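TrEMBL annotations:
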type: COMPBIAS; residues: 11-31; note: compositional bias 'Acidic residues'
type: DISULFID; residues: CYS41-CYS83; note: disulfide bond
type: DISULFID; residues: CYS55-CYS69; note: disulfide bond
type: DOMAIN; residues: 32-93; note: domain 'Ubiquinol-cytochrome C reductase hinge'
type: REGION; residues: 11-35; note: region 'Disordered'
Amino acid sequence: MWWFTKYVYADEEEPEEDVEDEEEEEEEDPEDVRPQLEEFCKPKCVKAWVAYQECTDRVSKDTTGEAHCTGQYFDYWACIDHCVGPKLFKELK
């Protein structure tokens, strides 16, 4: 009967120890520092934020429905990205 168990269990793979899983457990998950850097940079982009807020006030009073503040919104986030970029890449490994 030894040949029977050999052929029956030959199709099943034997569980192997995953060396990769052990290595992954040892490594720490990277932390996203971008949100903290964005909060740090927001005070530096007050001028763009004020322009966006003024635009949203104008748009809220617009009755045609065609006005928007997309440009000011992107200007604000471009300012933040310009500030965050160099700091973020210093943090990367």
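Each residue, glycine too, has its Cβ placed from N, Cα and C.
Just so it is clear, the model here is predicted, and its values are computed rather than measured.
A sphere of 10 angstroms centred on the C-beta of CYS55 (disulfide bond) encloses 18 other C-beta atoms. Under a cutoff of 8 A between CB atoms, and with a sequence separation of 6+ in the same chain, the neighbours of CYS83 (disulfide bond) are LEU37, PHE40, CYS41, LYS44, CYS45. Per-class residue totals from DSSP over the domain 'Ubiquinol-cytochrome C reductase hinge' (32-93), listed helix then strand then coil: 50 helix, 0 strand, 12 coil. Long-range Cβ proximity for CYS69 (disulfide bond), meaning a same-chain Cβ under 8 A and a gap of 6 or more residues, is found for TYR52, CYS55, THR56, VAL59. Mean pLDDT, taken over the domain 'Ubiquinol-cytochrome C reductase hinge' (32-93), works out to 93 on the 0 to 100 scale. Its Cβ taken as reference, CYS41 (disulfide bond) is surrounded by 17 other Cβ atoms within 10 Å in the chains shown.
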